[in-house]
């Protein structure tokens, strides 16, 4: 299982939100580059970065920070948030990003998504964020009438190989992942699944590992120290 420490960017700082609410933010580190280096130092093999400002604005607003992170660490970095054109995708790859996560575009701009997948294959990940089972977009501000399962099936048909699934109600809560939704998703598609939202303990990670989930994104639990990064990396290596 792959472990992805999370860095959420807002106004150039590393923050955490509670249930996706932009008004409920906590600054975890004023220096995201330093935070990335800390994660790498403690053994992280890859990083997950979200440009929260970009997710709302529809364009990357923290590109310079992302570039500095990519230059500061030697591990692969995947980035999502506000990526809605091929130019934006190419710009991220040009500054050293390993994989790009498309969210809103997956729902509203299928031609762009199809072209991106055609050009970059497994380098394109789709992020599906759900609220009460329905897909949320534009920085989680809009909730659609499309179920997360239906969108996942569409993505698989297009050729998407990896999906990041987030249950928004769990994000930043340390309440544990939504196992039921993940199980249903697993039964519905054969893509790789990366679970995000609510991961609070080593036990949560073990449970997801037992389900053969490909990867887990861990944010608040690392900052609040309810999960030790070195320990979780060791545990998943032994599983």
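The backbone N, Cα and C atoms fix where each Cβ goes, glycine too.
Pulled from Swiss-Prot, these are the features on record:
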{"type": "ACT_SITE", "residues": "8", "note": "active site, proton acceptor"}
{"type": "ACT_SITE", "residues": "129", "note": "active site, proton donor"}
(message) Between the Cα atoms of residue 8 (active site, proton acceptor) and residue 129 (active site, proton donor), what distance do you get, rounded to the nearest Å?
(response) 15
(request) Measure from the Cβ of the residue listed as 'active site, proton donor' and count the other Cβ atoms within 10 Å, all protein chains considered. (result) 25
